[in-house]
C-alpha cells in the first residue's frame, strides 16, 4: 500500500469517527430534552388520559403529554401485553418502530468516543513525525538512497584525479565480480577513505564508483548521526548498516567523517560522550562485516590527522586514497568536463586557462566556468569568450570588484604607489613568479591587489624563493616611505605575513644560522582541530637568537627592496600614474612600463583590457639579472 492510499484510508477513518461522535452527541442532546418517568407513573398518566401520543422503539417508549405538549420517555418491560390495551382504551396514538437492525451499529455508537480518541492520538503522532520532531524515528538513519534509476555519475564525469580513479576501479570490480576475487582467497575491502583538500571531488568520486558498479548508493553526513538525545547516534549507525545489508551489494558513503570519527578521549569535557558512543558503534559495525556481504563503506575527509587510529587500521578502512588538486593536464580535463554545457567562442583555449590556474581545485574550476557563463549572460552574448573566463578567474582569485566603494584621490594615490611597490620588486627580483595583473579597484577586503600566477605547480620552494617573497611583501611599505614620505595601515597585512614567513623559515624550515633545528612544539587539540598553543622548548638565549634571525631576514629583504625601488623611481612614478589613469594594468602594460615604452591609448570603454594567460607566461622571464614575479601561489597582496 503506497503512501497516497494510506493517507486516503486514514482520513476516511477520521471522517467515520467524527460522524459516529456526532450521532452520539445528537442522541444525547435529544434524550436530554425528554423527561424520564417511571413505568408506574406512565400507566397512571395513560389511564387518566394525560398522554397524547407515544412511539414504541423496542423496550423504550417516547411520547408527549396533552398539557403543554411536554416530551417524556420511559423504559417498559417486554413481557407486559396489557400495555397496548391501556393505550387504546385511553385514545393514545401509538406508533411502533422496528428495532431489528444490526447490533454492530449500536456497538459502534457505544464505542465511538473511544475510537475517536484513538484516531486523534494517531493523528497527533503522524503530525509529529511529518514535522521536524521525528518523535518516534530518532534512531532511524537519515541516509539518502541514490538508486540505480536515478541519474548516474560515472568516471566520465570525473577528471583530473586519474590516480584516485585507478585505485577505485578495483572497488568496482569487487562489487561486480566478488566471486572472482574470493576464489583466490582475496578479501573484499571493507572501507575506503578518500583524503584530500576541499573541492577536489571526493564526493563525486564516491558517486561515480556507485554509478560504475551499478549498485545502490547510501549517502549521509558525519554530522547526521549525533543528536541531543543519548543513544541516537549509535542507533542510527546500526540502522544505516542494516539498510546497507538489505540492499547489498551497495556503497555506504559518509561525508566529513571527522565529525563523528575524531580521536576518542580528546574532548575537553571528558571521554564519555555521545560522539564517542557513535564512533564505538561504527567501529563495531565495520569490524562485524562478513566477507561476502558486498557492503563497502566509503568515507571522505580533509582532516585525516584527527581521526581515531582504530578507525584507520586495516580491516576497517583498508585503503586510503589521496585526492589532490589537479595538475595542468588534470585542470584542462576538468575544464573540458564543465565546459560541455557552455557554448564557447572560438578564441577560448582551455589549455591556456589550465596553465593560468595553478593551485585551483575542481570546485574552483567549476566556479570559474560558471562565473564566465554568468558574465557572458550579463553582457547579452550568446557564447562565452576568453575575456569572460579571464574576468571570472580574477573574481575567483581576488574577489569581486567593489566599484561602488568611494575612495578619495589621496587614498587612490597611496594605493597606486603601494601596489606599484609590490609590482616593481616582483618584476625585478629573481626566483619570483610571473605577474598577472595590478589593480587599485577594491576587491574583496583589499583596496588594491597585485596578482601573479606561478608558471607551473609548486610542491616545494627554495630559500631564495621565500626571501624573494619577503622582499615583495616589503615593497608596499617601502614605496609609501620613499614616494609619500609617510606610513599607512595598508601594509599591516604585508608585515604580518612577512613576519610569519620569516619565523617559519627560522623555527620550522631550518633556513637560518641556527641550523636545521625545529623550535616550538605545537600543542594541538584533536577536539578543536587546530593548534591552540605552542610549547616553548628552548631557553631565553635561544629565544633571543630566534628573534634576531627573524629580524635579520626581514631587514635584509627590506634593504634589498629599498635599494631596488630607490634606483627605479622613474619607473615607479610611471606605473603609479598608469594605475591612477587606468585603475588596472595587465602583464603587457607592466612589461612596457619597465622597458620605458609608452602605453597605448585607453580604449573607449576605459581601461587597458584584461590580460590573457599568454601574457602571464611572457612577462619578464627570469634571467641572470632579473626575473618576473609576484606573491606565492597567486595570492593577492592587499593594499
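Even glycines carry a Cβ here, placed using N, Cα and C.
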Site-mate of 418, 422 for Zn(2+) in Swiss-Prot, selected among 347, 349, 364, 494: 494
Region 'Disordered' range according to Swiss-Prot, out of 554-596, 597-639: 597-639
Among ranges 105-125, 126-146, 147-167, whichever one Swiss-Prot labels transmembrane segment: 105-125
Proximal residue to residue 196 (ATP binding site) among recorded positions 418, 419, 422, 494 (C-alpha distance): 494
Position of peak Cβ density within 10 Å, selected from the binding-site residues 202, 422: 422
Recorded positions listed as 419, 494, least Cβ neighbours within 10 Å: 494
Inter-residue C-alpha distance, residue 202 (ATP binding site) and residue 494 (Zn(2+) binding site) (nearest angstrom): 34
DSSP-derived structure type at residue 422 (Zn(2+) binding site), helix or strand or else coil: helix
Sequence-distant neighbours of residue 197 (ATP binding site) in its chain (C-beta under 8 A, six or more apart): 302, 324, 325, 361
8 Å Cβ shell about 196, 197, 198, 199, 200, 201, 202, 203 centroid, ATP site members excluded: 194, 300, 302, 323, 361, 362, 363
Integer mean pLDDT for the topological domain 'Periplasmic' (26-104): 74
Fewest Cβ neighbours within 10 Å, where candidates are the binding-site residues 198, 201: 198
